[in-house]
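What follows is a set of notes on a single structure, which appears directly below.
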Amino acid sequence: MNAKFRQLAATSIALSVVFLIFLSAVYAYFGSILALSQAADSIIDVLTSSAILFSLRVGAKPADRNHPRGHHRAEPIAALIAAVLAGVLGIEVVRAAVMALLTNADPHMHWLVALAFACKLLGKLGVFGTANILHERAQSPAVRALAIDARNDVLVCSLALVGFLAARYGWSAWDAWLAIPAGIWIGWSGLELAIDNVRLLMGEAAPEARQRALRATADGMPHVRASHDWKVRYEGAGLEVSVSIVLDEQLALREAHDIAVSVEQRLLAEPDVVSVTVHIDVDGP
């Protein structure tokens with residue numbers, strides 16, 4: 001699955017570079033400020049997708065001597081970078097809209113400008129849809145950040161097209177008025193993304209429903225009479241689990257050890273679990 005994530009991030013980078021070149025050329029030829037703002041947004045997209053791609057590669061590495069707990073914090077860190085850039089984009093959208101209203105800007109538009117916006121919209125719509133599907137299959141903070149970034153681009157490109165049509169028919173202020181709430185929404189989505197990933201980095205406890213599911217899995221293992229002292233917390237993009245299992249005190253040490261190992265391996269088989277510590281307790285007479 002990680003390979004698909006990296007492929008999507010690489011595709012997003014390639015698309016953003018193409019759009020950057022195309023929109024820069026449109027701005028150079030027609031002087032469209034909307035095209036310039038979209039080109040600047042493409043630079044942010046390249047930076048965001050590059051950070052996400054790097055985090056996916058780092059996060060896939062196994063634990064080593066310098067990182068004994070693995071590299072699972074890489075994805076939330078990249079998602080935080082994407083959140084900051086989303087906030088920057090939201091502020092820039094609002095700033096540009098306010099300046100356009102104050103100066104009564106009348107953008108110079110050409111159908112090639114609309115074509116550039118439409119191409120970017122379709123490309124980002126594809127990235128958004130694919131990222132959403134992949135995120136539903138495996139809850140990846142980095143892929144969620146990529147989906148939010150693409151969703152923001154779809155909204156901004158849609159507003160750019162509205163601005164183009166409005167300008168063509170003499171209502172050039174429409175796009176500016178629409179851009180203000182859109183910019184606020186983009187900034188808010190960046191704030192939500194930041195909060196979610198700070199929780200992952202700070203080791204917040206997993207949702208109660210997920211903890212109950214893991215408990216049921218452990219309690220259902222052969223020879224496990226009960227379990228207690230559960231600690232399930234986020235370790236970056238994955239879950240770190242600590243549990244004490246109750247076994248028959250008559251079991252031999254080797255048998256008890258093997259049962260604990262089987263519980264550990266079963267919990268590690270869960271797609272979101274990255275670390276498991278199993279303690280052994282006994283059920284006395």
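Along the chain as shown, the residues are counted starting at 1.
Here the Cβ of each residue, glycine as well, is placed from N, Cα and C on the backbone.
Per TrEMBL, domain 'Cation efflux protein transmembrane' is recorded for 11-202. TrEMBL lists 207-281 with the feature domain 'Cation efflux protein cytoplasmic'. Summarising the annotation, TrEMBL assigns transmembrane segment to 38-56, 77-102, 108-134, 154-171, 177-195.
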Note to self: Could you give me three numbers for the domain 'Cation efflux protein cytoplasmic' (207-281), the DSSP helix, strand and coil residue counts?
What the structure shows: 28 helix, 30 strand, 17 coil
Notebook entry, point to check: What same-chain residues lie close to the transmembrane segment (154-171): Cβ under 8 Å, and 6 or more beyond its ends?
Noted result: 34, 37-38, 41, 89, 93, 106-107, 109, 113-114, 117-118, 120-121, 124-125, 128, 178-179, 182, 185-186
